[in-house]
Structure formats: C-alpha cells, structure tokens
Amino acid sequence: MNLYALLRPLLFSLDPETAHDVTLKALKAGYASRLTPLLYPVTACEAVNIMGLSFKNPVGLAAGLDKNGDYIDALAALGFGFIEIGTVTPRPQPGNPKPRLFRLPEHEAIINRMGFNNLGIDHLLEQVKHCKYNSILGINIGKNADTPIENATDDYLIGLRKAYAAASYVTLNISSPNTKNLRQLQQGDEIKKLISALKEEQLKLQQEHGKYVPLVLKIAPDLNHAEINHIAELLVEFAIDGVIATNTTIARTAISTHPLANETGGLSGAPVKDQATFVVQELAKHLNGRIPIIAAGGILNAADAQEKLHAGASLVQVYSGLIYRGPQLINDIVNSL
Ligand SMILES: Cc1cc2nc3c(=O)[nH]c(=O)nc-3n(C[C@H](O)[C@H](O)[C@H](O)COP(=O)(O)O)c2cc1C
C-alpha cells in the first residue's frame, strides 16, 4: 500500500504552505512513534565516496524543504543517504509575502518565491546540536535580503564560519531566483571574488578546527554553455569540492499555457528536468571527473535519477518529487541502483 498516494489528495486540498507544515509535523510524529521504519524500510546499497565523505546511498534531500533544520531526524528516517538543510541566512528573515508557493499538478511542478524565509543560522545550529542524526549533513547558506549585493561575500563568510563545525559540507547557494540580484553572483568576476574569499576562509577554518569541511557551489539551470564553462573553470581553479546542479528555473517554456505560468519565482519538478540534465552533462564534460557533481531537478522516479547519474552526477537530490510521489521515491531510486 502506498500511504502517500492515499494522503496526497487530502494534502493537495490544503494551501501548499499549510500542507508543507502539516506533512513535516506528521513526519515528526511518525518518527517519534517509531512508525517511519515500518512504513519506509530502508534498502542497503553500495556507499558513494566523494569529497572525502562516505554517503550510504546517493539519494539526498535537496535544500529548502527543511530550511531551519527543525526536522532532521524525521527526514533522515525516510532513508536518505544525506540531508541538506537551509538555505539559512546570518539573520532571521520572513521571506516574501504570501502566497509564495504554488502547485502545478498537471506538470508535476512547483513554483516558489519563498525568498529564504528562515529563523537564522543560530536557530539552525541549535537544531543540529540537538538532533540524533549522525550521517552526512549539508548546510546550505545564503545572504540576507537586506544585505547589499556588493557585501554578499560577508554574509557567506559569516555562514561558513558558523556552520563549519556542524556541517559535513557547506553549500553556497548563489542560484535562488528569489533574492534580488543573487544570481548575478554566478557571473564574471563576482563569482571569482566570492569563491576565492570563501576558499581562503575554508582553509583557515581547517587549521582552526583540525577538520576539512568541503565547500559546494549550487548553480542555476538557466545558464548557457559559456557560463557553465566559466563556472567549471573556476571550480577547478579554486579547488571547490563539489557542485550542485541545479536550483529552480525562471524559464516557463514547458508550462507556458498554464494559468500560473506568470507567477514570479523558481519552477521545479518535471519541467526543469531536461535543463538540469543539460547542465550536469555540460559540467561533466568540462570537469572530467575532477570535481563531483550532485544533480537535482525534476527527479520524479528511478529512471530520472538514473538519467542524472548517467549524465555524470555522483549523487542526486530530490524535492518536488517528494511532493508528487512521496517518500517511496527514495527507496524506488535506491532499489534501482
Ligand atoms: C518550495 C521550494 C523551496 C526551495 N528552497 C530552496 C532553498 O532554500 N535553497 C536552495 O538551495 N534550493 C531551494 N530549492 C530548490 C531545490 O533544492 C532544488 O534544487 C530544485 O527544486 C530542483 O529540484 P526538484 O525538481 O527535485 O524540486 C527550493 C525548491 C522548492 C520547490
């Protein structure tokens, strides 16, 4: 029996943000009452070793679902090989006005313009401290909306310093379309300035903490061949440890006739799949195995995950697929490997 298939119509009758909160609270209750392992038994599979870390399976939770780290144990119990929490900013912020989250079930897609609503990095670290989870935990960091874009590096440096001791790896999110000018950080000299400063800080922190925490860059699907090439060169030049491809898209081609097509924000789920795979393929070509790729974007079943792995990714992450297919998706992918 697929419990999620039964519950989905009920959840989809609620406003999307309410459904999100209800689902996470239910998961927490399921975890506390030890029901999760009965409903979603975890399949063992061969570990993936990249970035000096050992991932017990290659299926991760993508950033944005647990922005504050409030549900780490409950989510981990579903069988993920790794969990990424955040995006978190140095200071708490409310995000954009509601409504800011939309479902497009006809396309198995989501549009969001949440705008990094989060309780701040101190709250997140407090949750990490108290969780039982002891496997791979990525902390995804961003900048506050009211930090001028010229000072963005300062916010990422604060995030890196604070997250360093608690994280298995730290993701620099420079690809959300919902923070003004953020994606500009993927271009030209801006990206060079950012990653060189963060790399320098990472090496200082390594000395201070006596451990090396990999730095990962998360990029958008809306990049052309030359932009991807430029990013790949810089990843190698600055020895960035990994790259996540991709975030949500601002393109609407695949859903152009949908009544919600004109809602501002990032589109995820099935319509971003091909673009995300293209970015993974291009990165793989340029990187040639030198830096591992973590793929996200439109993974709704095991075949979609295989497509990303064949395109050159070492790991995958899911978000929208969980909303449309439920936690069974994780095991479906692991079983297919
Ligand atoms: C509601 C929502 C919120 C998101 N928030 C974040 C975020 O805070 N940080 C981030 O790096 N990505 C965020 N993402 C992007 C996802 O992590 C993922 O990269 C993207 O949705 C593509 O994967 P998918 O098609 O499986 O959803 C968010 C996605 C959604 C749907």
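Keep in mind that glycine also has a Cβ here, set from the backbone N, Cα and C atoms.
Because TrEMBL annotations are produced automatically, they should be read as predictions rather than curated entries.
For the substrate site that TrEMBL gives as N112, R113, M114, G115, F116, N173, N178, N247, T248, the extra residue drawn from K56, K67, K285 is K67. Among the candidates G30, G298, the one that TrEMBL lists alongside A63, G64, L65, D66, K67, T87, N140, N173, K218, T246, G269, Y319, S320 as binding FMN is G298.
Among the binding-site residues L65, R113, G115, N173, N247, G269, residues whose Cβ is positioned under 6 Å from ligand 1 are identified as N173, N247, G269. Here the Cα atom of N140 (FMN binding site) is found 6 Å from that of N173 (substrate binding site).
Ranking the binding-site residues G115, G269 by how many Cβ atoms sit within 10 Å of each one's Cβ puts G269 at the top. Taken residue by residue with DSSP, N140 (FMN binding site) is part of a strand.
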